[in-house]
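What TrEMBL annotates here:
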- 45, 73, 154, 181, 199: molybdate binding site (BINDING)
């Protein structure tokens, strides 16, 4: 009879230990599952606007850590296909997003068209030889900057513009290809090329260049920036919330400041 209280005490003690261990596991596991660290892979042409929006967003969501990965849309697409840990993809063309959707790599129902843009012909500031696209054939124009069409949407659109004006074949020997649209802008700013084709939003970021001409909207495919959450994101809720923020009127005001159509 004397053993019964001791057994009861031991049983209660062991049960308490089990509950403590289980409780700790229960409390710690959701923290890992609900991590609010977001990696956003975005076309480099959106860099300046997104940096501003990051500051705005984190004032209201201080627990969300946002890391940007900027580059050409084609390179970012390949990274995602190879398993890079990305939560949200913002492309400068539908081509790259279509490829990911075809491979079922984006979260269903999260894709939307976010922005639009224009293609412009730019020259170094003070250079007056080029006033329109036809002037690219001038003998004084030795080099023209263009994004690599296969991986850089601005290069793809730019090539379409040159085809529209029936200039591509005659200008091929002058074209210097760049890894992304910002590199084209750098080539023009430095004078390494006499002209380049970039987005109007890129032109707005520099005081070292001059816009010589704007491409007609019918000279290339519509420029649309689709955005989507990546299917394998470990932070789906936070990723969807950030995409929703980028679609808000507050975000649109920032995008418009940088020259994007919304």
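Glycine is treated like the rest: Cβ placed from N, Cα and C.
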**Prompt:** Can you name the residues of this chain that are 6 or more positions from residue 154 (molybdate binding site) yet have a C-beta less than 8 Å from its C-beta?
**Reply:** 45, 92, 119, 147, 180, 181, 184, 197, 198, 199, 202
**Fill in**
According to DSSP, residue 45 (molybdate binding site) sits in helix
**Complete:** For residue 73 (molybdate binding site), the nonlocal same-chain Cβ neighbours (under 8 Å, six or more residues apart) come out as 43, 91, 92, 93, 95, 96, 151, 152, 153
**Prompt:** Just how many other Cβ atoms lie inside 10 Å of the Cβ on residue 181 (molybdate binding site)?
**Reply:** 31
**Item:** Site extent for molybdate (largest Cα pair distance over 45, 73, 154, 181, 199, Å)
**Value:** 14
**Cβ-centroid neighbourhood (8 Å) of the molybdate site, 45, 73, 154, 181, 199 excluded** = 43, 44, 72, 92, 117, 147, 152, 153, 180, 182, 198, 202
